[in-house]
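This report concerns only the one structure given below.
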Amino acid sequence: MSAPIEISGLRKSFGTTVALDGLDLTVAQGEIHGFLGPNGAGKSTTIRVLLGLLRADGGQARLLGGDPWTDVAQLHRRIAYVPGDVALWPNLTGGEVIDLLARLRGGLNAARRDDLLARFDLDPTKKCRAYSKGNRQKVALVAALSSDAELLLFDEPTAGLDPLMDRVFRDHVDEVRTEGRTVLLSSHILSEVEALCDRVSIIRAGRTVESGSLAQLRHLTRTSVTATLEHPPSAAELAALTGVHDVVLDGSRVTLSADTDHIGAVLSALGAHGIQTLISQPPTLEELFMRSYAS
Amino acid sequence: MTASLVGTGTLARLAVRRDRVLLPVGILGITIFAVSSAKATLALYPTVASMDAGIKTIFASPSAVALYGPISDPTDPDALAVVKTTMFGAVLLAIFGYAVVRRHTRSEEEDGRFELVGAGVVGRRAPLTAAVAVATAAVLATCLLTGLGYAAIGMDVAGSLAAAAGWAATGLAFVGLAAVAAQLASTARGCAGLTMGALGVLFLLRAIADAGTGVPGWLGWVSPVGWTSKAEAFGADRSWVVLLGVGLLAVCLLAAFALLQRRDLGAGLLPARRGRANAGATLAGPVGLAWRLGRSSTIGWTVGMLVGGLVIGSLAKSAMDMFADPAIADLLRKMGGGVGLLSDVYLSTELGFIAIIAAAYGVTTVLRWRAEETQGHTELVLATADSRTRYAASHLLVALLGTAALVFALGLGTVLADASGGGTLGGAGRVLPAALIRLPAVWGCVGVAVAAIGWFPRWTAAIGWGALAFFLVVGEFGGVFGMPQWLMDLAPFTHVPRMPVEAFAWPPTIALTAVAAGLCIVGVLGFRRRDIG
């Protein structure tokens, strides 16, 4: 069986603006996949191509083994979607919207709906115009999570939620994972991605710059080391070591960054000079992103 | 007082900047329409005698007076030159003034932009004051330019001034009413319903005052729409009626300020109600959704059409009494194509005019479909198992069946009122087909808007309303402007058999239906293949 999402070389332009410039993305069955990138990188455009709302200019996009543009009705029965900016009908109640979206998808799990309403603490009798941003988001989340969809597409789903509700959301994504369903989660909240995702893809300016498990990605980056040495060597001597960068020597205190692959050799070299104190910090996800987002 | 007005100037400039297209188009559009129509009429009928035949006979009928208002002075060519445009222009101006106020008050508040503005150094009354100021300036500019235009083409100066003053009275009144409605209703749609409902009722009141027999004289002064009639431009020249408009605007503004003081941002005075926790059985598919979104508007318009039919039916008898004069009857019969009863001519003319209004409902329904898309709702629905074709078809279904319901209600109202007044028009068997025969042309107007949504979505409103305005001008004023026949043929209403004056005919009916269907299909095909959003 093919992967739920397979995208290669996807292109999409709006007039002269290039939104997607040869994007690649593969999401495997049963994984929670983090989808990251700066504002305007093309995350929402990618998701909207997958939903068949936008027609790609070039490249391949396969959704659950089908064509997202032509096989709309058949594919959409098997997916659920939460947009980043949830717009609801102002004159319908939250409960009506949840039921409507479920019926349009082809069915509703009533027990799960009521459970979700209780856990998200959402009043379904209010008109949508009276909901705050967070509550509108909850309506879309309840509608999506109460479905039996095998693939869930979340576009920054927790942007308006309070930490308590964020927790509820994470619990539900964990449940989805245990049920073997697949999730594509676009997000800016790095702690959320770190806690939830099995693999991540980072995109910038419409192209994929990194893709892999968090452990793999960490490997590509540098560990920062701060040490106080008994007999500090010269800065040039340290800089000559393989995989060492940005050496700063301040008396007996040395700060450097080392390629994660060479960290063992670097530490032994420092050891020869008598380590008194040592702080070694693996790259945080944040640094990973900063490196990928910037350059 | 002044503290609550801080920022008014800045907000007014913002409004002018945002409306840099709408304001000039509205001001110049109405002005050019009025002045060029007057000029064309004066050129078409060089003598008062020729006007007698061309215009005055039409205004022998109370239905024409109800629609256009009375002739202020039957012996003055200037009065005859403006009689067909005066009331029409006053209504356009009222809508223009109301639309500008609503755009910069309730719509802004509903879309959440007021919040951003309100957090700045902006007094509580500033947004409303700025909107009213811009709308007032736009209305006055239109009136002034039209008055100057009339004078420039050689019409009586005092009369030109009175024409401008009459319009200003009506226009400013609706700027004020819109300001109050924007405070009462908690949504832009509610504000539209209140103001347009008031326009309908007040227009009707004026129609009864102008055309009815045995109504008390003061009734004409009650309705702000009637102030345009009461100005009697190129007749009594009552320029002072503008003071009535200014007075009502001032009263409304004070009332709106008082309401503003009592409510929260985003809220109206009519409270938001709770609703049901579960969707009802009808809110199940795309059709259910499209109907739910269009339900209140469809019901409102249908009731409006029923009332319109009641007016046509109840005026039928007095119209026939007027035609008792054999000379007028002869002339009307000739104008109606030389065949058929006078009551048929009356019925066909009235139904034809109101059918165009039913088409306006069709256009608003298609525009709601477009609004669904721009507001991000379409995205939610199309992310489910609903296909684009089904989605488009459900909105189309509401537009087509809705217009059918409207036209049927129009016929029904006519039949009911006429039956209670003695059956001048000849019963349901004669009236209903005469109403329903307009439907293919109405659907053609819907089709134009649907084709636009498929291929030029950003221009849906401009194309939909533009086409309708064009059809209306061609139908009502094509003869006056001396438009070439091919231009008149572009309007679907030109081809409708004028039942019951003319006999029913299959070819135009089939052709119009086919064109409407073709446009709808083209539009849906376009909608299927383009990007959403």
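Glycine residues also receive a Cβ, built from the backbone N, Cα and C atoms like all the rest.
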Listed range which TrEMBL flags as transmembrane segment, given the options B:51-69, B:298-316, B:317-335: B:298-316
Beyond the flanks of the transmembrane segment (B:437-456) by at least 6 residues, Cβ under 8 Å: 351-352, 355, 358-359, 362-363, 365-367, 369-370, 396, 399-400, 403-404, 407, 463-464, 467-468, 471, 492-493, 495-497, 499, 504, 509, 512-513, 515-520, 522-527, 530
Among the ranges B:79-101, B:130-153, B:239-260, B:463-483, B:503-527, the one whose Cβ pairs under 8 Å to the transmembrane segment (B:396-417) are most numerous: B:503-527
In contact by Cβ distance (the transmembrane segment (B:298-316), the transmembrane segment (B:194-219); 3 or more pairs under 8 Å): yes
Close approaches to the transmembrane segment (B:345-367) from elsewhere in its chain (Cβ under 8 angstroms; 6 or more beyond its ends): 61, 63, 67, 294, 297-298, 301, 305, 308-309, 312, 316, 319-320, 332-333, 335-336, 395, 398-400, 402-403, 406-407, 410-411, 414, 425, 430-431, 434-435, 438, 441-443, 445-446, 449-450, 453, 460-461, 464-465, 468, 471-472, 475-476, 493, 496, 498-502
Contact between the transmembrane segment (B:79-101) and the transmembrane segment (B:463-483) (at least 3 Cβ pairs under 8 Å, separation 6+): yes
Leading stretch by Cβ pairs under 8 Å, where the reference is the transmembrane segment (B:21-45) and the options are B:239-260, B:298-316, B:463-483, B:503-527: B:463-483
